[in-house]
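For reference, the structure is listed below as structure tokens.
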Amino acid sequence: MDYPGNLIVVAAPSGAGKSSLVKALLELDSHVQPSVSHTTRAPRGQEKHGREYFFVSEPEFDQMVLGDAFVEWAHVHGRRYGTSKKMIEDRIAHGSDVILEIDWQGALQIKRIFTNAILVFILPPSWDELRSRLERRGEDSPEVIETRLANAAAELQQAKEFDFVIINELFERALFDLKAIVHSQRLKYVSQRRLRADTFKALGI
Ligand SMILES: Nc1ncnc2c1ncn2[C@@H]1O[C@H](COP(=O)(O)OP(=O)(O)OP(=O)(O)O)[C@@H](O)[C@H]1O
Ligand SMILES: Nc1nc2c(ncn2[C@@H]2O[C@H](COP(=O)(O)O)[C@@H](O)[C@H]2O)c(=O)[nH]1
């Protein structure tokens, strides 16, 4: 059987640095493909339709929900976000590892469906640093920043449900940890297969 590809789900409070870490991982590892979500929020900064997100209207999102097009979706910071079934199926069919950058509600829905999915939670080093990162990013209004910080308190409570937790203090260190998690899951599969093949051979089966 060909390598089936792993699903890696990365969640974090807004501003903890998950997009930056996932972007850096994608540049380093061509075996990993991003899942591009649908959202009803407006594009931010240089974001492009089909690259960061598929930006859709509320009625378009409703249609997709009614048509059972999402593998998971959730309300996050007052907007709706979802991962389409098509996105996951297409990427897995190519044998790629697929990385989903979604909130904790979506992460837990994915784990219920794909029990082998790996859930990674990214923590900021402190509340002050989380606030400064959102402010320094300069892409959200002060009201949006306050909403995201207020939601972060509840989101952090979910970290214990995840398989791995990474503290994103030094960026390079956090990236190293994320790379190690992705590589170890791939290695596990490869070495288990090799071990199985060797054992089968030794047993003459
Ligand atoms: N280790 C780090 N040290 C300092 N700044 C960082 C670090 N990691 C990320 N940043 C910066 O923090 C800001 C927020 O990062 P990013 O946009 O990746 O967060 P996010 O978790 O994806 O947020 P959102 O959920 O809102 O998309 C960015 O300006 C990014 O450059
Ligand atoms: N459950 C889902 N959550 C998602 C999805 N795509 C993104 N997100 C999460 O939403 C917030 C806000 O993102 P932002 O780009 O507006 O800053 C963040 O936690 C994302 O991870 C999805 O498909 N499903």
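Using N, Cα and C of the backbone, Cβ positions are placed for all residues, glycine too.
Here TrEMBL flags ALA12, PRO13, SER14, GLY15, ALA16, GLY17, LYS18, SER19 as ATP binding site. Taken from TrEMBL, the feature domain 'Guanylate kinase-like' applies to 5-183.
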| field | Number of Cβ atoms other than its own within 10 Å, given for SER19 (ATP binding site) | value | 15
| said: Can you tell me whether DSSP puts GLY15 (ATP binding site) in helix, strand or coil? | reply: coil
| Going through the binding-site residues PRO13, SER14, ALA16, SER19 in sequence order, which have a CB under 6 Å from an atom of ligand 2? | SER14
| field | Tertiary neighbours of PRO13 (ATP binding site) (same chain, Cβ under 8 Å, six or more apart) | value | PRO124, LEU130, ARG148, ASN151, ALA152, GLU155, LEU156
| request: Give, as a single whole number between 0 and 100, the mean pLDDT over the domain 'Guanylate kinase-like' (5-183). | output: 95
| If you take the centroid of the Cβ atoms of ALA12, PRO13, SER14, GLY15, ALA16, GLY17, LYS18, SER19, the listed ATP site, which other residues of that chain have their Cβ within 8 Å of it? | ILE122, PRO124, LEU130, ARG133, ASN168
| said: Taking 10 A as the limit, how many CB atoms besides its own sit near the CB of LYS18 (ATP binding site)? | reply: 23
